[in-house]
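Asks: So that we are looking at the same thing, I have put the structure below in structure tokens.
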Amino acid sequence: MRPTRWRRSTHVAVGVAVLALVVAVVAAAALFTGKHSDAAEAVPPAPPPATADPGVVPVDLSAPTPTRRGLATALAAALANPDLGLITGRITDADTGAELWEQGARVPMQPASVNKVLTTAAALLTLDRDARLTTTVVAADDQPGLVVLRGGGDTTLSAAPKGTDTWYKGAARISDLADQVRARGIRVTRVRVDTSAYSGPTMAPGWDPADIDGGDIAPMESVMLDGGRTQPTTVESRRSKSPALDAGKALAAALGVEPESVTLMPSGMRGGTTIAEVQSAPLIERLRQMMNESDNVMAESIAREVAEALGRPQSFEGAVGAVLTQLRSVGIDTSGAKLVDSSGLSVDNRLTALTLDEVVNAAAGHTQPALRPLVDLLPIAGGSGTLSNRYLDTDAGRAAAGWLRAKTGSLTGTNALAGIVTDRSGRVLTFALISNNAGPTGRTAIDALAAVLRSCGCGA
């Protein structure tokens, strides 16, 4: 079959149709383009960039300073609370260092754990923030099979298995020491513990032995597990009465040696070959944990680091002397300080509000930049550490929450606070408050006293 032949009229009709289609497409395109152009011209201009008030702003150094009279008037009602017992204190301007209020600031008082402010300050003045403590295992050169766990002052070492939590963040592990020993191919038959880094008594004057079972302290030895806790992740865990021996037993068990055969070497071992070592977390991290939890064992061990750096014995007396020496070296008045430990646990300690406030003021001021981290290490009212559950029960307390930071101190009849607060006018103040012979609501009373500083403009 031949293909169908188009007639001339058919070609003309198709041509006209194509032309009409092209015209329609062009017209539609023009119409669309015109409408799009009109729409573009109708778009409103872009709005100005959004702005927001920053959540954190520098303090206003031009904010009015409270007057002595204004502060005294504002504090009067809170000071009248009989549950404060004997109350001493000092308040100063953080920027100028000017004293704004004081009451018995030079009277020696029982400080409790607020004493840790001094220990922390001395550590910051003396040691590198990244300083670590090393625990080693040494093989005896003349006694095959004998290894010695040599304590270097790390009280945070843990026997917890790998991958499990420990009380202390970044703690070194007994399991790592055991792995290193095995990697050396040494057949271990005996384990001993060298505790010679520390000297003197293991318990300070004024410590109650019952506080070991109460979970507040352990005998101070140069190596221990989880700060001497018998239950490593339990807040109220009782402490061991033989922490160094426990550490040695843990290493022995990890190496397949009978734990009950472990003995101490109080005078240390001469010579030997180091076959394993682990290191603690950096100093700044240990200070943070110590201040947040008010950890007595950590405070004592860190003070002994200061003593070692100054060439003093790592003992209670050596540590206290080293801490006070470093504070005096930067102009802190320690004349009223009579201390027998570095944690504040002893009932025999005496300290003045003047000394405490001078330390905090030096940290908040401009003259001692090495002390500045102390401000960040203070617990936050209503937010962290030993102040996490305080300042939340009253309007005045809630108003101070987040604005006030302080180290706490608590013993029977004693409550203390030393820290920093921004008042209602934006002025930064430092303070130290110590209450002895306090009544049953003494802690609440001292919190209320410090909270006044936040609500106070006190410029008149």
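Backbone N, Cα and C atoms are what each Cβ position is placed from, and that goes for glycine too.
Reproduced below are the annotations present in Swiss-Prot:
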ACT_SITE  Ser113  active site, acyl-ester intermediate
ACT_SITE  Lys116  active site, proton acceptor
ACT_SITE  Ser294  active site
REGION    39-64  region 'Disordered'
SIGNAL    1-28  signal peptide
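Relative to the rest of the structure, where do these features sit?
Replies: Under 8 Å, Cβ to Cβ, and six or more positions away along its own chain, Ser113 (active site, acyl-ester intermediate) finds Ser294, Asn296, Ser343, Gly344, Leu345, Thr386, Lys407, Thr408, Gly409, Ser410, Ala416.
The number of other CB atoms found within 10 A of the CB of Lys116 (active site, proton acceptor), across every protein chain shown, is 29.
Ser294 (active site) counts 23 other C-beta atoms within 10 Å of its own C-beta, drawing on all protein chains shown.
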